[in-house]
Amino acid sequence: AEVRLSRRRWAVVLLFSSYSLCNAFQWIEYGSVSNVFVRFYGVSAFAVDWLSMCYMLAYIPLLFPVAWLLDKRGLRPIALAGSALNGLGAWVKLGSLRPHLFGVTVAGQVVCAVAQVFILGMPSRIASVWFGPREVSTACSLAVFGNQLGIALGFLVPPVLVPNVEDKEKLAHHISIMFFMTAGVATALFILVVIVFKEKPPHPPSQAQALIQSRPPEEYSYVQSILRLLRNTNFMLLMVTYGLNTGCFYSLSTLLNRMVIQHYPGEEVNAGRIGLTIVLSGMAGALISGIWLDRTKTYKQTTVVVYIMSLVGMVVYTFTLSLGSLWVVFVTAGVLGFFMTGYLPLGFEFAAELTYPESEGTSSGLLNVSAQIFGIVFTISQGQIMQHFGTKAGNLFLCSFLFLGTIITAFIKADLRRQQANLESEQT
């Protein structure tokens with residue numbers, strides 16, 4: 001088949017990145033000012049933590065049906081469903097602007113959590129379907145970039161829009177502004193997806209993609225694909241290590257407000273800014289990783305180095321959080337974020353290489369299931385450890401699992417099947 005790049009590819013990845021941003025913002029908008037929502041709704045901190053953890057919980061049972069739909073129906077229906085549910089959840093939350101309506105805000109967040117299932121597995125699939133072999137890792141990084149930027153804004157914006165005021169009527173007004181803005185943006189993005197987002201380009205962007213598209217549909221079995229992935233030892237090792245790293249990030253993000261407030265009372269805005277610093281530096285790390293992979297194709301070596309530096313960053317952050325100096329926390333959190341969240345697109349792209357020609361949506365979906373399971377376990381466990389033994393013990397708990405993930409990563413073999421397919425096609 002004729003291989004040619006489409007100009008629309010940048011519009012597609014930018015649009016996906018934008019509605020992924022909106023969904024990620026809604027994930028962390030409660031957690032970044034958790035103490036404010038605890039007081040407004042009159043519920044426990046653990047109940048507010050579940051507004052974040054429901055994203056993780058919803059993903060686990062829904063991955064397989066959504067991944068099956070992605071394989072059978074393609075990118076466009078999944079994009080439409082994800083952006084539509086994201087907008088619907090945002091509008092539902094507008095019905096929860098009274099202290100006794102916590103159940104309504106839970107319902108809206110659950111709808112957004114379901115939308116997330118239609119979003120998280122898409123980056124590597126969009127990159128493979130729309131982008132050539134010399135830009136595929138950069139495109140995947142850009143697709144993940146939006147999700148990270150959404151988390152960054154989720155740390156930055158809520159502490160500014162929802163100040164910790166005593167009057168609940170004023171507090172409800174501030175919350176309504178945030179919810180209305182989110183619903184408006186989500187609706188506009190859904191309309192753009194309907195107009196702009198296409199299934200695939202007119203021509204395949206790479207020889208590897210041309211080979212996949214030339215395969216008769218009846219030859220593909222979703223169940224057999226899952227079984228082949230589960231028998232792929234290198235992929236299974238990567239699945240565990242990705243889950244450990246990303247699970248630590250989810251736990252850290254959910255509990256960050258509580259950690260910082262415990263050592264620096266009244267610093268809700270700076271707690272949000274520290275979260276922003278973690279994610280913004282991670283976005284830089286993700287883009288640099290994507291460009292580096294496109295230039296060097298050193299997937300294994302890059303993954304090991306980034307994992308080791310994530311562990312080092314977590315250890316340093318753990319022992320500097322209680323020093324009483326906020327600027328030190330900003331610096332160490334930035335270093336931690338550069339490597340820990342910079343690892344996310346690395347995992348997706350390494351998985352796509354190890355599992356070619358299996359569907360990227362299925363492989364990245366399994367990575368995300370691992371991340372959600374570890375995220376729930378780590379968030380609940382670290383929250384309990386912090387409550388009984390303090391923040392340092394909770395962070396050391398995460399450090400121990402990052403150390404385990406570093407060791408397991410060293411045993412993954414760099415079986416780069418997608419690169420090999422492109423090389424063989426070019427030689428032929």
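Cβ coordinates are placed from backbone N, Cα and C, and glycine is handled just like the others.
Remember, TrEMBL labels are computer predictions, not curated facts.
TrEMBL lists 12-30, 50-70, 77-94, 100-121, 142-162, 174-197, 235-253, 273-292, 304-320, 326-346, 366-387, 393-412 with the feature transmembrane segment. Here TrEMBL flags 12-417 as domain 'Major facilitator superfamily (MFS) profile'.
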Two-stretch contact, the transmembrane segment (273-292) and the transmembrane segment (142-162), at least three Cβ pairs under 8 Å: yes
Proximity of the transmembrane segment (366-387) to the transmembrane segment (393-412), 3+ C-beta pairs under 8 angstroms: yes
Stretch in 12-30, 77-94, 142-162, 174-197 most in contact with the transmembrane segment (326-346), if contact is a CB pair under 8 A: 142-162
Chain residues outside the transmembrane segment (174-197) and at least six past its termini with a C-beta under 8 angstroms from it: 8, 11-12, 15-16, 18-19, 22, 25-26, 29, 40, 75-76, 79-80, 83-84, 86-87, 90-91, 93-94, 97, 157-158, 161-163, 165
Contact check, the transmembrane segment (100-121) vs the transmembrane segment (393-412), 3+ Cβ pairs under 8 Å, seq sep 6+: no
Top Cβ-contact partner of the transmembrane segment (12-30) among 50-70, 77-94, 142-162, 393-412 (pairs under 8 Å): 142-162
Surrounding residues of the transmembrane segment (393-412) on its own chain - C-beta under 8 Å, 6+ positions past either end: 234, 237-238, 240-241, 244-245, 247-248, 251-252, 255, 259, 300, 303-304, 307-308, 310-311, 314-315, 317-318, 321, 350, 354, 374, 378, 381-383, 385-386
